[in-house]
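Student: TrEMBL feature annotations, pasted as is:
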SIGNAL    1-24  signal peptide
DOMAIN    23-217  domain 'GH16'
ACT_SITE  103  active site, nucleophile
ACT_SITE  107  active site, proton donor
CARBOHYD  111  N-linked glycosylation site
């Protein structure tokens, strides 16, 4: 008899294959991104189809999107630093600017060879974060490219890996929890040294003899995202929007099947959630946790 876990892993594999197949109308990094720091350590290659970031003892590197977005379905394929990546962090996130900024984070915390990466997620609203959730992955993220997606609409934020939802942050403004909906955000990514905290709380330091460390990016897709042109005006509100623009994501939430998949990931691969950290929140967990699916 096939176990439930085996069946779910088969579903994950099918989703991953399907997602790679449908990402055909992807962007070009020359058009969509700019390397912003690293003194040549960030490179756009293969006629704009590949971007790499590198880290050595002198510096890391980073890039950002040319556009800002106010809501969107955004996909990026990453292949993380292989081998001994302890002390390194590969960050991929959406963020606005300023002391009351909003932010939606994927961060990949490196580890010793053979030990798993930790996928760290967080949501900032009006400058306040502290909504961390961490996961192991069910595959080797250094062996091949995998798709990391953020769905951000007025109802919710959904983090997905290869089409599998891993976390949902709902709009719960009705109970006083701020939700990012007014500040356009740009996409940022960086590879940097965080040996003072990234691996086992800083106990494992970066092995610079393994440098340079390199992370790779391809198939950036923000076709279903609202480009912010000016306050209150985006490509989604423009009458000139492309007829191919799919607006279904603007109303998308997790259905019962997707909720089941997310629960499977959280039950099997989540290693930390702020919603269950009673030592940190001895006076009671944050209010949104009571409304979350499996404290997602």
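Just so it is clear, glycine is given a Cβ too, placed from its N, Cα and C backbone atoms.
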Student: I'm checking region-level scores; what's the whole-number mean pLDDT for the domain 'GH16' (23-217)?
Tutor: 95
Student: How big is the gap, in Å, between the Cα of the residue listed as 'N-linked glycosylation site' and that of residue 103 (active site, nucleophile), rounded to a whole number?
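Tutor: Their Cα atoms are separated by 25 Å.
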Student: Take the Cβ of residue 111 (N-linked glycosylation site) and count every other Cβ within 10 Å, whichever protein chain it belongs to.
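Tutor: The Cβ of residue 111 (N-linked glycosylation site) has 19 Cβ neighbours within 10 Å.
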Student: Same chain only, sequence gap of 6 or more: which residues have a CB within under 8 Å of the CB of residue 107 (active site, proton donor)?
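Tutor: Expected: 89, 90, 91, 92, 93, 119, 120, 121, 122.
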Student: For residue 103 (active site, nucleophile), what residues in its own chain, 6 or more apart in sequence, show a Cβ-Cβ distance under 8 Å?
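Tutor: Counting only residues 6 or more apart in sequence, the Cβ neighbours of residue 103 (active site, nucleophile) under 8 Å are 93, 94, 95, 96, 122, 123, 124, 129, 180, 185.
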